Amino acid sequence: MTEERPPAKPTPCPICRKPSTADFRPFCSDRCQKIDLGRWLKGVYAIPTDEPAPGPGGGPAGGPGGEPEDER
Ligand SMILES: [Zn+2]
């Protein structure tokens, strides 16, 4: 029996739609690879978060449920 596997289709570069190369799959070149990487990073940093980012030394002091301060 001989398996006839279809040849792997060259995935078109998601950036410029050119046939991808083996070196930069699924992109056609390192240029498109970087472009996609840049988009990906942008997307990551552009995600809006409802939670306040915990800054260094900027913790919420005296929040609800904190220490009672009406003791004199
Ligand atoms: Zn490309």
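Easy rule for this one: first residue shown is 1, then count along the chain.
Using the three backbone atoms N, Cα and C, a Cβ is placed for every residue, glycine included.
TrEMBL: automatically predicted annotations, no manual curation.
Record features (TrEMBL):
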BINDING   Cys13, Cys16, Cys28, Cys32  Zn(2+) binding site
REGION    46-72  region 'Disordered'
What are the other residues, in sequence order, whose C-beta lies within 8 angstroms of the center of the C-beta atoms of Cys13, Cys16, Cys28, Cys32 at the Zn(2+) site?
Pro12, Pro14, Ile15, Arg17, Lys18, Ser20, Phe24, Phe27, Ser29, Arg31
Among the binding-site residues listed here, Cys13, Cys16, Cys28, Cys32, whose Cβ has the fewest other Cβ atoms inside 10 Å?
Cys16
